[in-house]
Each structure stands twice: as C-alpha cells, then as structure tokens.
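The block underneath contains the structure these notes are about, expressed in structure tokens.
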Amino acid sequence: MSVHKVADVKRVTTHTLQAMKRAGEKIAMLTAYDFSMARILDAGGADVLLVGDSASNVMAGHETTLPITLDQMIYHAASVVRGVQRALVIVDLPFGTYQGDSKMALKSSIRIMKESGAHAVKLEGGQEVEDSIRRILSAGIPVMGHLGLTPQSIYKFGTYTVRAKQEAEARRLLKDAKMLDELGCFGMVLEKIPAELAQKVSESVDVPTIGIGGGMHCDGQVLVTQDMLGITKDFHPRFLRRYAELFDVIREATQAYVSDVKAQAFPNDKEQY
Ligand SMILES: Nc1nc(=O)c2c([nH]1)NC[C@@H]1CN(c3ccc(C(=O)N[C@@H](CCC(=O)O)C(=O)O)cc3)CN21
Ligand SMILES: CC(C)C(=O)C(=O)O
Ligand SMILES: [Mg+2]
C-alpha cells in the first residue's frame, strides 16, 4: 500500500461488488451528500455511498432533481469522499451534463473524478445514452446505470408511478439492462419496477442490480438516507422503510435547547470561561 495512505481499512471497489453478487452477499447502498453523514454511514458499514442528485430535493429543497448543477454535485461529492474510509463513492451525473453529447458526458465525468476524488459515476437511461456510456468507460471511469423510474425524465412521464408494468416496456427495460451489462457498466440501479421483472433482470446480467422499489431479488438495495432516518417528511412510498424518526429526535433536542436558552439554564457556570 502507498506510503501516503494513513488508514489500512480494506476499501470496497467495483470489483468487490461483483464478487459480492457471485457470493450471494447483498450490497447495502445509501445516499450521502456531506462529510459528517458520510462518516457515520461509513462507520455503520454501508458498502456504497451514492452522492445522488436527490441532493437537489433533500439538501436544496427543489421540487425535482433537474436544477442541481455539476459544480454543486462536485462540492457534495468531495465532502463525502473526505468522510469515507471504506465505502465506494458513486456520483450521479446531473441532468444536462451527459445526455445527447458523449463528449460532454466524458468531460463532466472527468471533472467529477478529478475534482471530487470519487470512484465512479452513475447516469440514467438505456439505449439513448449508449454513446455517452461508451465514451466515459473508454477513459477508464467506472459507470453505473439506472433504469425504471428515472427522475430526471419526470416531465416526460409526468408521475412517479411504478414503471415497466406493461409487457412492451418490461421487454425494453430487460434489453437496456443487458446492454448496460455488455457495455461494461459495473452495476445498475433498478427504481420502482415490479419485483418479478427486477428478479429477471438480476438473473440476466452478470453485474449487480441495486433496487429502490425493485424488490427482494435485487443484488443490493439503496435508499435515500434522510428517508431511511425519518428526516424527510410527507414521503411514504411503499418501498421505504424508516429505521429512525430523526425529524422528531432533532426537533425535540431543538426544543430542549431553545427552552434552556430562554430559561437561562444554558450555559451554566461549568460551560463558560
Ligand atoms: N427524498 C427523496 N427520496 C427519494 O427516494 C428520491 C428523491 N428524494 N429525489 C429523487 C428521486 C425521486 N424518487 C421518487 C419520487 C417519488 C416516488 C413515489 O413513489 N412517489 C409517490 C407515489 C407517486 C405515484 O404513485 O404517483 C409516493 O407514494 O410517495 C418514488 C421515488 C426517488 N428519489
Ligand atoms: C435514489 C437513488 C438511486 C438516486 O439516484 C438518487 O438518490 O439520486
Ligand atoms: Mg439520482
């Protein structure tokens, strides 16, 4: 190992994920957008941290993922990379930085890799982004695909309903998944599609599938961390399981602090100089 490396934790790589699929060990992925949370999730054993463009919703309060910029994604990604010792860090290519122009896709991906220190990029779509994927891969940058509900296309579909319920769309998705596999993507997210289809895809490709509303047969699962921790409010899709109610925990702590300050109970004589 390089003399410049301090820690000697065994890092997760894209190759680790392939080995996990072969061994039948499920992959646990969560989103992260900042240093402090990345440290906690890494300490908790998350295999993969996704710097999702859901930062547009969760961090910035936008309605959709469309407004977040490449500069903003790089800022989030660099912060996450500094917080991680073990997890693989993947970064979403934001809307408008890879579609329809493979040169731009490569340039955007190179900026992410160079300026954030992340390990891979993710992009949404199948056949329509084939050229972009080829070009990014040709520079040695690992690419993850994302099929099914693709939030950057929300204005094309109009709703966040389950995708590929009809036979024709299911066939299209399976074909896209095989294409991503054959192009050399190291994995793919399957978002909000029937469990049976996700199972068929998972059995038809060599690389790991990571489900969000893709059911139990995916090779791994991903959730938005703030959803899983109960920080986001009024978001209750069927695929979401909440492992904490941090909105309430943080609100209660805030109320206690506010009340202490008002009552002049904080700071006390030991908490001053
Ligand atoms: N906080 C958060 N969590 C996410 O999972 C997430 C984001 N933001 N932003 C980007 C995308 C958008 N995603 C979404 C958005 C909506 C549903 C969804 O199921 N919405 C409705 C049902 C809509 C319908 O059936 O018409 C729901 O039940 O909440 C799922 C995933 C997933 N991503
Ligand atoms: C929900 C996951 C897969 C994602 O793309 C995001 O968080 O942006
Ligand atoms: Mg995303």
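Including glycine, each Cβ sits where the backbone N, Cα and C put it.
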Q.
Can you find which of GLU25, GLU115, GLU124 TrEMBL lists as binding Mg(2+) at the same site as ASP53, ASP92?
A. GLU124
Q | Distance check against GLU124 (Mg(2+) binding site) for the binding-site residues ASP53, SER54, ASP92, keeping those with Cα within 10 Å | A | ASP92
(Q) List, in residue order, those binding-site residues out of ASP53, SER54, ASP92, LYS122, GLU124 with a Cβ under 6 Å from any atom belonging to ligand 1. (A) SER54
Q) Roughly how many Å separate the Cα of SER54 (3-methyl-2-oxobutanoate binding site) from that of GLU191 (active site, proton acceptor), to the nearest whole number? A) 13
Q. For the recorded positions ASP92, GLU191, which one has its C-beta crowded by the most other C-beta atoms within 10 angstroms?
A. ASP92
Q.
What whole-number Å value do you get for the CA-CA distance of ASP53 (3-methyl-2-oxobutanoate binding site) and GLU191 (active site, proton acceptor)?
A. 14
